[in-house]
Amino acid sequence: MRVLGIEGTAWCASAAIHDTETDEVFIESNAYEPDSGGIHPREAAEHMSEALPEVIDTALAHAEDDADPGGIDAVAFSRGPGLGPCLRTVGTAARAVAGSLSVPLVGVNHMVAHLEIGRHRSGFEDPICLNASGANAHLLGYHDGRYRVLGETMDTGVGNAIDKFTRHVGWSHPGGPKVERAAADGEYVDLPYVVKGMDFSFSGIMSAAKDRYDEGVPVEDVCFSLQEHVFAMLTEVSERALSLTGNDQLVLGGGVGQNDRLREMLVTMCAQRGVDFYAPEPRFLRDNAGMIAVLGARMLAAGDTVPIAESAIDPNYRPDQVPVTWRGTPAPSPGPTDTPTNAESNTGATAGLTPIDRRGAEATVETVADDRVRKRRVPKDYRHPALDATLRRTRTTLEARLLHEARRAGVPTPLVHDVDVPNATLILQHVGTTDLADEITPDRVREVGAHLARLHRAGIVHGDPTTRNVRVGGDSPLLIDFGLGYHTGHVEDHAMDIHILAQSIQGTMTDPDPFVAAAESGYAAVGDADVLDRLRTIEGRGRYR
Ligand SMILES: C[C@@H](O)[C@H](NC(=O)OP(=O)(O)OC[C@H]1O[C@@H](n2cnc3c(N)ncnc32)[C@H](O)[C@@H]1O)C(=O)O
Ligand SMILES: Nc1ncnc2c1ncn2[C@@H]1O[C@H](COP(=O)(O)OP(=O)(O)OP(=O)(O)O)[C@@H](O)[C@H]1O
Ligand SMILES: [Fe+2]
């Protein structure tokens, strides 16, 4: 089977032929390079109109040259997300070619294509995907017929954030490769570091980077530190997603994935965690029609074609909207990687308390006495040592303080018996019998919603209230792991806490709605209505900018 793929969501006019017999992927691309500034939607669309016919002709000619000339079985095209004027040009071209060859049309989600190309090339069964592209940044995991968004940028895409900084210093588009080159001669300076559960944001770090540059910090140092912070954030949230879902494979997608330092960090994190990692070669990372043709072929084989009359493009097409028709019955979930490993060999637990020996995303937690656990934030080899030391120290201090303050606000948490900041270690009361994720009920989630509202009333956010950061088995669920918490009275920060809880439920459960509704009703019973209103705004934000 041979599929013609057509791509043109923003800057790259591209056509490809995927031959499923040989697995060969022929790609022909023509990049739009703005004279000044960033991508102008109108100019980009003009580029598509000019360049697409040529790249499509070249791809079709390649198919003609083959042993079996002319045999194209379908035309797959990027249906979204992307710039509307560009997508319309791509859609028109795809319909015209499909019509003239009398073959079916396949409408491909560009973001899912960035993920599936890594899955296809690696042969991984069920990976988490970090997509690090220009207009997007998110973590996807497959669950029950859909790709779920486990975490994503709360403002701009990662490439666009970097490109905005390079525009500020007067460098031409695209900025990512220039930052990578300049970083080779740079030294570390402190910048903001913002992760919220598995979500993250770039606006603070980007304005700080511009300020440092304006203050006279050498541009090489700013570039080096930008990479160290931004890519450590992406690596950290990837590890959090692996820990939450229990998956043991990670693939990378998107144009920023061409960056050596990002790939190095992901390789190091996965090796330290014992997880398989795969990054496709650069021609499949940056925008390209090869990934559209490859996913198009899988969709075609599943009968997932679209009639011309229904083939409208969608500039805001989210990956979690796509019914995943081409994956068979999912492999049984491997189970969380942080389940006890040597429970039996551990002694000293009192009746009712199972000894613990776990590795979360950040820390190891082990039973050290009848009713005590030691939580140690282990050094992360992927992070710059200065950033690593700062994060482990500040999170340990914050966690100890906020656990205490939360309890005073009426929210059950473990007692803190000892704090050793230089070693990033806490001795905590052993609480609960299992994580909420393992024994989730709507009633328990409702109580967690109410606990979050109590925290917020006391001016605290948890920062990472996933279903693995709640312990159950006693009277009321207990909140643990306050390392990403902080003091704030902002409605937006409070709404983010509920968003993170909801995302962890939606990312891992087959029928999440009753649980999410329970979380909100628990919150509503104690907290401010404003917060739930803001939650709707957060959920409704189109983040493809
Ligand atoms: C919707 C679609 O149009 C969009 N595509 C896109 O953003 O192009 P992509 O090829 O995936 O990524 C381009 C980005 O990738 C960055 N980039 C390229 N090489 C880089 C490098 N060596 N280091 C860092 N960033 C790099 C560029 O600066 C640019 O921001 C997307 O996937 O979000
Ligand atoms: N006080 C405690 N009592 C009982 N179990 C605990 C306690 N603290 C942690 N655990 C167990 O250890 C696991 C990891 O702990 P924790 O979430 O604090 O670490 P982490 O590395 O920050 O995790 P992540 O960042 O992945 O959420 C928890 O999911 C829980 O099962
Ligand atoms: Fe892309």
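Any Cβ shown, glycine's included, is placed from N, Cα and C.
Feature list (source: TrEMBL):
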type: ACT_SITE; residues: ASP464; note: active site, proton acceptor
type: BINDING; residues: ASP357, ARG358, ARG359, GLY360, ALA361, GLU362, ALA363, THR364, VAL365, LYS375; note: ATP binding site
type: DOMAIN; residues: 25-293; note: domain 'Gcp-like'
type: REGION; residues: 1-326; note: region 'Kae1'
type: REGION; residues: 325-354; note: region 'Disordered'
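The structure, with features from TrEMBL marked on it.
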residue: ASP357; record: ATP binding site; DSSP class: strand
residue: ALA363; record: ATP binding site; DSSP class: strand
residue: ASP464; record: active site, proton acceptor; DSSP class: coil
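Taking each Cβ in turn and tallying the other Cβ atoms within 10 Å, the top scorer among the recorded positions ALA363, VAL365, ASP464 is ASP464.
ASP357 (ATP binding site) has a Cβ environment of 17 other Cβ atoms inside 10 Å. Within 10 Å of the C-beta of ARG359 (ATP binding site) we count 18 further C-beta atoms, all protein chains included. Taking a Cβ cut-off of under 6 Å from any atom of ligand 2, the binding-site residues ASP357, ARG359, ALA361, ALA363, VAL365 reduce to ALA361, ALA363, VAL365. Around the Cβ of ALA361 (ATP binding site), the same chain contributes GLU236, GLU239, ARG240, LEU242, SER243, LEU244, each under 8 angstroms and 6 or more positions distant in sequence. ASP464 (active site, proton acceptor) is 14 Å away from ALA363 (ATP binding site) when you measure Cα to Cα.
Of the recorded residues, the residue listed as 'active site, proton acceptor' and VAL365 (ATP binding site) place their C-alpha atoms 17 Å from one another.
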